[in-house]
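*Asks:* There's a structure below that I have some questions on.
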Amino acid sequence: MPCSVFTTKSELNKKNILNSVSLYKTPLWIYDANIIKNQVKKLNKFNVIRYAQKACSNIHILRLLKKYGVKIDAVSYGEIERALISGFNSKNDEIVYTADSFDENSLNKVVSDNITVNIGSIDMLHQLGNISPNHRIWIRVNPKFGYGHHKKTNTGGENSKHGIWDLQSAIKVVKVYNFKLVGIHMHIGSGVNYKNLKKVCESMLSCVTSLNYDISSISAGGGIPISYKLNQSCINIDEYFTVWNTVQKKLTKFFNHPITLEIEPGRFLVAESCILVAKVNAVKRIKDVYFVITDAGFNDLVRPVMYGSYHHISVISNSCKLINKKLKRKTVIAGPICESGDIFTQSNDGEVKPRLLPLIEIGDIIIFHDTGAYGSSMSSNYNSRPLIPEILFNSGKCQIIRRRQTISEMISLEL
Ligand code: LLP
């Protein structure tokens with residue numbers, strides 16, 4: 001069930017929201033550290049939890065995760081720098097750089113800081129091997145099928161640019177450069193379906209046992225889904241672990257030494273920890289549908305526009321009038337962006353999909369739930385709207401972890 005403002009013990013409650021709105025204005029992101037901590041605990045049977053920071057890369061969130069014992073994945077030079085600033089060590093595989101290509105900065109950085117690389121193309125093996133033979137690497141295998149909550153988040157199969165298809169050719173190159181191959185990694189997509197789990201595990205077993213190479217680790221990748229809708233059942237983590245643990249046990253027997261089992265979640269750790277808080281600036285009625293225009297747009301939260309993603313929406317009414325709250329109206333929640341797709345209530349084929357919500361008026365507060373993953377990390381300056389603040393509640397304390405960008409900061413690169 002999505003984190004709910006009114007039903008959980010979370011710090012994402014009405015009082016904290018209204019206080020934050022009066023202090024920091026809207027739109028803003030509000031996080032609850034405790035929710036992240038609890039999500040980490042749910043995965044503690046895995047030997048290594050490696051956070052895919054692309055989901056939310058605010059350094060204060062990274063520091064929390066480091067404190068909770070999580071390691072980190074970085075997919076760019078910028079993400080490596082974020083990990084280092086947040087206290088992750090480049091040694092001991094604490095940071096793994098995962099990519100399908102190098103640019104000059106990322107290649108130089110992994111070499112100078114001796115950062116383990118999860119290799120997604122044979123070209124990367126040559127580029128790294130030429131300047132850093134013996135480097136510690138993983139190989140990301142494309143298991144030839146994939147699954148994501150949307151076709152844009154599917155990372156396996158013929159239409160995917162990710163991972164290595166021809167593992168045997170890759171292993172030959174690994175031997176040429178005398179790389180230290182730590183393990184094999186598979187990530188079939190984001191928001192995976194439990195039904196595919198057996199297939200991925202079989203693929204991992206057959207890849208690893210045909211390697212003719214001794215490794216110490218496997219990675220189940222990321223992709224664990226969460227429930228964005230009320231009353232939606234979700235993946236059972238214990239069952240998920242048990243299936244992967246069976247692979248781990250078989251490989252431990254096969255190699256006759258322990259095999260480390262890693263998992264690489266982004267969404268699962270942070271999605272439910274955050275809400276996007278917006279204010280209503282206009283309401284239009286078109287026949288029986290109310291169009292509510294908030295001050296947050298797809299420059300802030302792009303998921304509904306990009307994938308038709310569903311985010312639970314609730315309302316804090318500003319009105320003192322006695323409105324019949326039980327009477328729900330067909331409501332479209334939109335943003336201020338000058339583009340017709342700036343609609344938060346749409347289906348994944350881009351159709352506008354009104355929700356049944358209580359009467360909403362100007363000044364009301366709209367809460368978009370479960371926006372901690374791929375929320376602020378995917379936001380932009382489109383329509384010249386500055387990046388919005390991020391606030392963190394942690395055991396009763398409230399901290400501003402990113403202030404609002406000013407207009408002059410936004411345009412300064414062009415001056
Ligand atoms: N590992 C790899 C190699 C990945 O490419 C990803 C996500 C993850 C782990 C973490 O996946 P997660 O556990 O968060 O599902 N923007 C999209 C999701 C894109 C995911 C990209 N890769 C969304 O908002 O749904």
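Placed from the backbone N, Cα and C atoms, the Cβ positions cover glycine too.
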*Asks:* Just to be sure I read the record right: Gly223, Glu264, Pro265, Gly266, Arg267 are listed as binding pyridoxal 5'-phosphate in TrEMBL. Which of Tyr177, Tyr310, Tyr374, Tyr382 is listed for the same site?
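*Replies:* The one candidate that TrEMBL places in that pyridoxal 5'-phosphate site: Tyr374.
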*Asks:* Given the binding-site residues Pro265, Gly266, which one is most crowded in terms of C-beta atoms within 10 angstroms?
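*Replies:* By the 10 Å Cβ neighbour count, Pro265 comes out on top.
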*Asks:* Would you mind sorting out which of Lys54, Cys338, Glu339 (the recorded positions) have a C-alpha within 10 A of the one on Gly266 (pyridoxal 5'-phosphate binding site)?
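*Replies:* Passing the 10 Å Cα cut: Lys54.
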*Asks:* Once near-sequence residues are set aside, which residues in the chain of Tyr374 (pyridoxal 5'-phosphate binding site), 6 or more away, have Cβ atoms under 8 Å from its Cβ?
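*Replies:* In sequence order, Lys54, Ala55, Cys56, Gly266, Arg267, Val302, Arg303 meet the Cβ cut-off.
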*Asks:* Filtering Gly266, Arg303, Glu339, Tyr374 (binding-site residues) by proximity to ligand 1: which pass a Cβ cutoff of under 6 Å to any of its atoms?
*Replies:* Gly266, Arg303, Tyr374
*Asks:* Report the largest Cα to Cα distance, in Å and rounded to a whole number, among the residues Arg267, Arg303, Tyr307, Glu339, Tyr374 that the record lists as binding substrate.
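*Replies:* Greatest Cα-Cα span of the listed binding residues: 28 Å.
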*Asks:* 10 Å Cβ neighbour count around Tyr307 (substrate binding site)?
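*Replies:* That number is 19.
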